[in-house]
Amino acid sequence: MRLATGEEMRAIDRTAIDELGVPGLALMERAGRAVAEAALALAGPGGRFLVLCGAGNNGGDGYVAARLLSAAGRAVELYALAPVEKLGPDARAMREEALAKGLAPRDAPALGRAEAGAGDVVVDAIFGTGLSRPPEGALAEGIAAAGRLREAGARVLAVDVPSGLAADTGDAPGACVRADRTVTFGLMKRGLVFFPGAELAGEVTVADIGLPPAALARVPARLALLGAREARALVPRRERDAHKGDAGRLLAVAGSAGKTGAAHLCLLGALRGGVGLAWLASRPEVLPLALGGLPEAMSLALPGEGPLGERDLAPLLEAAMAVDALVAGPGIPRGPATGPLLRELLARSGKPAVLDADALNALADAPGAVGPLPPSAVLTPHPGELARLLRQSIADVQRDRVATAVASAEALGCTVVLKGARTVVAAPGEVPWVIPTGNPGMATGGTGDVLAGLTGALLAGGIAPFDAARAAAWAHGRAGDLAARRLGERGLLASDLAHALGEVWVEWER
Ligand SMILES: NC(=O)C1=CN([C@@H]2O[C@H](COP(=O)(O)OP(=O)(O)OC[C@H]3O[C@@H](n4cnc5c(N)ncnc54)[C@H](O)[C@@H]3O)[C@@H](O)[C@H]2O)[C@@H](O)CC1
Ligand SMILES: [K+]
């Protein structure tokens, strides 16, 4: 599903109105109708509606909703929180129509005295995508009143976005409405997907307000949200006559003394991810500990000790030539020669590869800017790892996660999976995707190792790197969500998540 910014919505609206002849008032009427329908569905029997209208077209939608709710015979209190001179022509016309139908607008002080309770609905039409600075004055009072009325038992329905939310980022620069539901228009907004916006918006629905497909097509999509059906479509069903070779062979370079669990979880992720055959390459003393309880996995001992380096290239390359994909990184022993070894392994084998954790740190250890990798590589950094690769601070990486993921994919020439709350997957020349699955319970040791193994399994199964990365990130988050339902976010272990991948496949194979 495509995600839009406020600026993109304005460009689409302008195209629809100015070039395709769709009357702006018709769009506003449909927007207000969608709000009125959602408000009726949210209200209790006989519930009243308190409609709070601000200074822009968002307020215009509110005036339409108030008129339609009143016409449906429901009790409506209409609050006009901005002077009429501030309204644009469409919103002003809708206000006049509401007044002509007998609605009398009240002011901000009256809202301060308003009361509401269970069954009532507050319609928040104070700010939409036009918010340009933190709310203040009567408009901020409106936001505060919505909060007070919600505490008293009313439900809050946000029009387009919760008022006070920055529609492009999901940040709230000042006071912001907390909604139970949000009806957004035409396209899903970015700010409704990222935190805290995703939390403040409640349940979000996208209403079709009749924007012509030609207007939507005129403004290219720059970000998308991976839905369940889209994720599932990335992973082909297994043929009925498949054998283990078809499901792919994976070589994982993982684990070291003290980090045998990272290798175990990586292999577990790969096996639960459906790989046909999986090998763990590691130092001899690591193998028995890492593969305990994993009889399905095979092993490749890398003789010697200490960090991975030049002398490991020959055995790794030989093993790599016999598999379909590689994973490198979880818990590997890292030294100055590890980065060059991994680059050499990828270049000489030509196999698609997931690079995670200390493989990324090993690349970052090299002096100067980190140069491009083969296009079939998939990097799965958390913000700290990406910051090291890009020679930036973590705050820089996190400031605009989408932009960082896109820029790093371009600079590194391959797929980048920027992990965190709302993982972003980017690849050179592709529209980036946001992954909506997952929960804070996954912020626990080992879940990244599971993702690396799972991504490797999908790569080994022949799925293209960008598709494998997106499907794996989605399924990983979904498995985390399913496991957290049973164990709680607090109780969730990385191994629980790996096993819950089986439940995701049950959903997908239905
Ligand atoms: N044709 C269109 O453009 C349509 C727009 N629609 C609605 O219009 C909204 C966007 O309308 P607008 O661009 O008018 O923006 P808003 O309705 O979000 O209003 C913001 C208004 O308040 C002002 N403002 C911004 N921040 C402020 C602050 N902190 N304190 C005081 N005033 C502030 C802005 O200058 C602007 O006039 C959408 O969210 C959607 O609800 C819908 O009616 C569908 C059609
Ligand atoms: K709003």
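Cβ atoms here come from the backbone N, Cα and C positions, even for glycine.
The domain 'YjeF N-terminal' feature in TrEMBL is assigned to 9-217.
In this view, Asn57 ((6S)-NADPHX binding site) is surrounded by 25 other Cβ atoms within 10 Å of its Cβ, with every protein chain counted. As annotated by TrEMBL, (6S)-NADPHX binding site applies to 57-61, 128-134, Asp160, Ala262, Gly331, His382, Asp449.
When secondary structure is read from DSSP and collapsed to three states, Asp124 (K(+) binding site) falls in the strand class. A sphere of 10 angstroms centred on the C-beta of Asp124 (K(+) binding site) encloses 33 other C-beta atoms. Per TrEMBL, K(+) binding site is recorded for Asn58, Asp124, Ser163.
The feature domain 'YjeF C-terminal' is assigned by TrEMBL to 227-508.
The AMP binding site annotation in TrEMBL covers Lys419, Gly420, Ala421, Arg422, Thr423, Gly448. Under the DSSP three-state reduction, Lys419 (AMP binding site) is assigned to coil, being neither helix nor strand. Applying an 8 A CB threshold to same-chain residues 6+ apart, the list for Lys419 (AMP binding site) reads Thr380, Pro381, His382, Pro383, Gly448, Leu451, Ala473.
Taken residue by residue with DSSP, Asn58 (K(+) binding site) is part of a helix. Considering other CB atoms within 10 Å as the measure, the emptiest surroundings among the binding-site residues Gly60, Thr129, Ser132, Asp160, Ser163 are those of Ser132. Among the binding-site residues Asn57, Asn58, Asp124, Ser163, the residues whose Cβ lies under 6 Å from any atom of ligand 2 are, in sequence order, Asn58, Asp124, Ser163. Those same-chain residues not listed among Lys419, Gly420, Ala421, Arg422, Thr423, Gly448 yet with C-beta within 8 angstroms of the centroid of the AMP site C-beta atoms are His382, Leu418, Val424, Ile435, Gly438. Thr129 ((6S)-NADPHX binding site) is 26 Å away from Gly420 (AMP binding site) when you measure Cα to Cα.
In this structure, the CA atom of Thr129 ((6S)-NADPHX binding site) is 8 Å away from the CA atom of Asn58 (K(+) binding site).
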